[in-house]
């Protein structure tokens, strides 16, 4: 496990070692966080909320 900081509440988040950029992790504060690559290291950011697609 990799120990990262939640960008929302600042608490620790355990992320599996084999996590890939783009994976979504839900934290106990209720935030949905996206794993991303920051200078070769895993980091977390708030995941984008996908809206409804009304296109046909």
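Each Cβ is built from the backbone N, Cα and C atoms, and glycine gets one as well.
Fair warning: this is a prediction, and the values are worked out from it, not measured in the lab.
Summarising the annotation, Swiss-Prot assigns Zn(2+) binding site to 6, 9, 27, 29. Per Swiss-Prot, the feature 5-glutamyl glutamate maps to 56; the stated evidence is similarity to another entry. Annotated 5-glutamyl 2-aminoadipic acid per Swiss-Prot: 56, in sequence order, evidence recorded as similarity to another entry. Among the features that Swiss-Prot reports, zinc finger is placed at 1-34.
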The zinc finger (1-34): DSSP-derived helix, strand, coil residue counts: 0 helix, 14 strand, 20 coil
Cβ-centroid neighbours of Zn(2+) site 6, 9, 27, 29, 8 Å, sequence order: 8, 10, 11, 13, 28, 30, 31, 33
Intrachain residues whose Cβ lies under 8 Å of the zinc finger (1-34), provided they are six or more past its termini: 42-48
CB within-chain contacts under 8 A for residue 9 (Zn(2+) binding site), separation at least 6: 27, 29, 31
Least buried by Cβ count (within 10 Å) of the binding-site residues 6, 29: 29
Cβ packing number for residue 27 (Zn(2+) binding site), 10 Å threshold: 18
